[in-house]
Each structure stands twice: as C-alpha cells, then as structure tokens.
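Novice: Take a look at the following structure, please.
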Amino acid sequence: MSDTERPLPALRKLSYAVGHFLNDLCASMWFTYLLVFYHSVLGFRNTNAGVLLLVGQIADGICTPLIGYESDRTPGCGNYGKRKTWHLVGTLSVVLSFSFIFNQCLGCDSLTPQWASLTYFIPFIIVFQFGWAATQISHLSLIPELVTCEHAKVELTAYRYAFTVIANITVYAVAYLLFHVQASGDDDPLGDVLGPVDIPIFRNLGVDCAGHRPLFSIFFHLGTTGRGLELEEARGGRGGRGWSRRRREEGGSRGPASRRAKTSSSLQ
C-alpha cells in the first residue's frame, strides 16, 4: 500500500461488503427456486417456466452492458455520486419487483390461461433484472473509487464474495425453516409433492429476501462514500488531480522568479 493512501476503516469495509447482499439473496432464490415455483407450484408447463427464466437472462444480458456504459456517463444525483445513485435505483427496482415474481398473479385463479400469467410476470422479471444489473455494476465500480492499492481492492472483493456465500446459506436455511414451520400435514413435509398450497411459503421467502434484507443496502448507503477518490483530490491529496493542479500553479507562480534568479546568477 502506498504511503499516501490511508487504509479504509473496518466499518467502511463492512458497509461496502454488504452492499451486494440483497442481490446475492435474490440471485440465489432466482436460480434455485424459479423453475420449481412456476412449474411445480403454479402449474406452468415446462416450456412456459423456461420462457420466464430465458426472458430474465436475456434482460440481464441486455441491461448489464448498457448500465455499465451509462453509469460512466451520467453524473449522478447531486452530490450523491453516480455509483451510489445507480445502486439506489437498482435496489429500489429489485425490492419493488422481486416479491411479485414469487407469488401468484393478482386476480388469477385455476381458470386463468397461462399466457395471461406469463404476460403478468414478464414486466416484473425485466424490472428485477434491470435492478439487479444496476446494483451489481455500480457496486463493483465503487472499488477503484474507494481504494487505489491492489491489495486493498482484492480485500474488498474478498469481503464482497464472503457475503455472497452467506447470502446463499441464508436463503437455503430460511427455506428449510419455512418448509418445516409453515408446511402442515405429515411428519415429513419435505417429502410432499409441491403444489399451489405451497405458494405462501415461496411468497414469504421472497418477501423475506426483498423486504427485510434491504436493511443491509441502507447500511451500505450510510457507511460508504461514493466519491472516495474525488474527495481525496478535492483535499489536494498527493497523486490526485488537485495536487497536480496545485503543483502546476505553484510552478507557474515561481517560474518567472526562478528564471530571473538564474539569469542574475549567470550574469554575475
């Protein structure tokens, strides 16, 4: 680590590390339970359940490069910083859409045609994938703005992925508890065939991921400075643009005097 860069406090490292926790929870539930929920619980045909997953992955593939491009160009919301602004937009998109994905469509029943249900779920899936991509891109892009040392970058990345593992374990543990606590009937609820009666379990799991875990995102926004390097430059830290500009100004102000001094010495 360079002598001019102070290490991040432990609290700021922790606040950054939990900034992707909500995304990791939703991603774990998305890839693990999406097809199970739509096919076994809601009764969708295999092709229709696969279409929903495919739509989500296509939306993610389109949104990720576009958001990466736009997040570098947009200035952000006031003094909040462009990275944290995109992170906030992504978090709100995930929170508002994810709970609808793992729930029965409003007003639907057993007589509702599946194409109508597909039309209902697709917009929520697209909004969720947009928010997921916005949160992921902005969160990763913050690392070089928070620290410049390669060791510190690796450390922040390691903390981030540690919480990814914690998120995966959390989803599976909560799902296990919900199936045992909410499922009724036989002594072995996990051995039962999934069906519409299990909709509340998946709904509660989705609400738990998207409804309660945003507290970690709030902690991220409160504890992470989105313009770390820019603030250092504004303070005139060595190596920043402010320091270079100040050196040029000082050199310019001393330049004529130095040249006169050299001329005088040469004449003598």
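Quick reminder: no glycine exception, Cβ is built from N, Cα and C everywhere.
From TrEMBL, for reference:
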- 231-268: region 'Disordered' (REGION)
- 20-38: transmembrane segment (TRANSMEM)
- 50-68: transmembrane segment (TRANSMEM)
- 88-106: transmembrane segment (TRANSMEM)
- 118-138: transmembrane segment (TRANSMEM)
- 158-179: transmembrane segment (TRANSMEM)
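Are these features on the surface or tucked inside, and what are their neighbours?
Specialist: Proximity of distant same-chain residues to the transmembrane segment (50-68), defined by a Cβ-Cβ separation under 8 Å and at least 6 residues beyond the stretch ends, is recorded for 30, 34-35, 38, 44, 86, 118, 121-122, 125-126, 128-130, 132-134, 136-138, 141.
For the transmembrane segment (88-106), same-chain residues at least 6 beyond its ends with a Cβ under 8 Å from one of its own Cβ atoms are 22-23, 26, 29-30, 33-34, 37, 42, 77, 80, 112, 116-117, 120-121, 124-125, 127-128, 130-136, 138, 196, 199, 202-203, 205-207, 209-211, 214, 217, 221.
Cβ atoms under 8 Å from those of the transmembrane segment (118-138) belong to residues 19-20, 22-23, 26-27, 48, 51-52, 55-57, 59-60, 63-64, 67-68, 71, 82-87, 89-98, 100-101, 105-106, 108 of the same chain, restricted to positions at least 6 beyond its ends.
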